[in-house]
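*Asks:* Dumping the structure here so I can ask a few things about it.
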Amino acid sequence: MGPRGAASLPRGPGPRRLLLPVVLPLLLLLLLAPPGSGAGASRPPHLVFLLADDLGWNDVGFHGSRIRTPHLDALAAGGVLLDNYYTQPLCTPSRSQLLTGRYQIRTGLQHQIIWPCQPSCVPLDEKLLPQLLKEAGYTTHMVGKWHLGMYRKECLPTRRGFDTYFGYLLGSEDYYSHERCTLIDALNVTRCALDFRDGEEVATGYKNMYSTNIFTKRAIALITNHPPEKPLFLYLALQSVHEPLQVPEEYLKPYDFIQDKNRHHYAGMVSLMDEAVGNVTAALKSSGLWNNTVFIFSTDNGGQTLAGGNNWPLRGRKWSLWEGGVRGVGFVASPLLKQKGVKNRELIHISDWLPTLVKLARGHTNGTKPLDGFDVWKTISEGSPSPRIELLHNIDPNFVDSSPCPRNSMAPAKDDSSLPEYSAFNTSVHAAIRHGNWKLLTGYPGCGYWFPPPSQYNVSEIPSSDPPTKTLWLFDIDRDPEERHDLSREYPHIVTKLLSRLQFYHKHSVPVYFPAQDPRCDPKATGVWGPWM
């Protein structure tokens with residue numbers, strides 16, 4: 001109201017003045033109320049995402065493993081255990097879908113991983129999760145494994161939305177020396193070099209220090225020094241429990257009963273990782289952040305049985321589209337959950353975290369390309385039905401099995417799509433899709449053995465009876481999570497429907513981007529892996 005209107009007001013005590021004694025105390029109460037005391041009054045939650053590397057389905061106590069994981073078990077028991085949760089079968093694809101909210105067929109990363117000398121990274125026109133959270137007012141930190149490309153500085157974590165970064169850029173390295181050795185084909189030389197960064201600078205002085213301990217210490221420092229009133233996003237991508245199988249001696253002793261050497265060392269690595277998780281959550285509590293924190297734990301893919309991991313009783317392993325390669329170990333722990341101590345059976349995928357976390361942060365996804373992920377917070381927190389009814393595991397026309405079965409009993413076969421009812425999609429292509437309870441696999445999905453836990457059974461693997469020419473499977477995953485009973489002949493109409501869905505995704509996918517090695521990656525001159533273009 002302008003000055004003229006103000007002058008026309010009555011001079012006596014009007015209704016507004018009479019309300020002041022009532023309204024002012026109410027306003028003070030609202031301002032002084034503790035966070036979370038009323039609907040819409042609390043601050044956006046702190047978000048802590050802890051990603052384990054190569055952790056298998058049967059490698060945690062809450063799935064019945066003999067490996068002791070008391071901290072993970074307690075968090076899962078007091079939170080929401082995700083029992084129908086999926087990742088990708090490999091490192092780079094899972095990490096890219098976590099941070100983009102988009103299937104790898106959208107980014108050209110549907111084939112294998114990004115290798116050290118490939119001039120590749122998550123496309124620079126993709127808007128990543130940390131960028132969206134920064135826009136929502138968050139401080140964003142990353143600690144640990146990047147593995148989303150580093151050939152240009154523009155690909156580095158600090159150029160993709162993270163305020164700080166501490167970790168390694170490639171897919172694996174020595175836990176103590178922090179060096180990675182790689183064959184550079186064009187030069188016919190294997191080069192070993194340091195891969196450790198603090199921000200964009202090379203981080204030295206950490207030799208002979210175990211990486212999980214270093215990363216945990218940095219994460220705790222970030223938590224301890226963080227002002228509670230500022231929303232925090234911490235992405236802690238541990239090296240554990242990816243090979244090489246290295247761990248301090250004291251973590252091996254509790255598992256001397258395990259005779260298999262790989263499994264023995266792997267068990268110790270899992271225990272150390274579990275201890276790290278306990279230390280991080282303890283820091284969140286002692287710093288006063290826990291009561292307003294959403295803590296998410298996830299693996300990036302199934303366990304690698306060749307390096308101590310185990311996915312029993314699920315079929316397959318890392319690199320495969322069988323459940324053992326893609327069914328993820330995961331849970332959410334938080335005082336903010338409306339239901340706790342439950343097992344959630346709703347369908348959730350790693351691409352769902354981006355829209356879920358951005359919504360929790362009260363941000364928006366403006367500027368992103370069309371998302372494949374869904375906001376699943378109500379599904380997790382309240383037990384509501386998942387908005388996701390379909391999940392594309394992958395389509396990779398160039399698939400090469402880098403982790404073949406012993407004696408390699410299966411191999412890519414000829415296309416079965418000559419059959420009229422299967423004409424929608426080339427069934428020789430490595431692909432898999434989930435719709436409701438149904439899962440369809442085509443081509444060669446990867447090693448299809450079942451691998452019992454070492455030292456607990458008299459067999460090291462249980463081969464499949466499938467003929468090597470087979471290129472099509474249909475399973476009811478709800479009733480048959482171990483993928484033992486192929487129903488493709490019994491339900492041809494389901495097969496036809498899912499093949500048409502695969503064809504739809506294939507039609508709307510971008511070409512595979514898997515460039516040849518660039519010899520300019522050679523770190524000989526500097527002794528350090530890093531950007532070269």
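Note: Cβ is positioned from N, Cα and C throughout, glycine not excepted.
These figures come from a predicted structure and were not determined experimentally.
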*Asks:* The substrate site in Swiss-Prot includes Lys145, His242. Which of Lys207, Lys285, Lys318 is also listed there?
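*Replies:* Of Lys207, Lys285, Lys318, Lys318 joins Lys145, His242 in the substrate site that Swiss-Prot records.
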*Asks:* DSSP secondary structure for Cys181 (disulfide bond), reduced to helix/strand/coil, please.
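*Replies:* Note: Cys181 (disulfide bond) is in a strand by DSSP.
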*Asks:* Round to a whole number and give the Cα-to-Cα distance in Å for the pair His242 (substrate binding site) and Cys121 (disulfide bond).
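*Replies:* The Cα atom of His242 (substrate binding site) is 21 Å away from the Cα atom of Cys121 (disulfide bond).
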*Asks:* Give the sequence-ordered set of same-chain residues, not counting Lys145, His242, Lys318, with Cβ within 8 Å of the centre of the Cβ atoms defining the substrate site.
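*Replies:* These residues sit around the substrate site: Asp53, Asp54, Cys91, Gly171, Ser172, Gln239, Val241, Glu243, Asp300, Asn301, Gln304.
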*Asks:* Taking just the CA atoms, what is the gap between Asp53 (Ca(2+) binding site) and Cys447 (disulfide bond) in Å?
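*Replies:* Their Cα atoms are separated by 20 Å.
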*Asks:* For Asn301 (Ca(2+) binding site), which of the three DSSP-derived states applies: helix, strand, or coil?
*Replies:* coil
*Asks:* Whole-number Å distance between the CA of Asp300 (Ca(2+) binding site) and the CA of Asn291 (N-linked glycosylation site)?
*Replies:* 27
*Asks:* So how far apart do the substrate binders Lys145, His242, Lys318 get, largest Cα to Cα in Å?
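*Replies:* The substrate-binding residues span at most 18 Å between Cα atoms.
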*Asks:* Report the member of Cys155, Cys192 (the disulfide-bonded residues) whose C-beta atom has the most other C-beta atoms within 10 angstroms.
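*Replies:* Compared across Cys155, Cys192, the most Cβ atoms within 10 Å surround Cys155.
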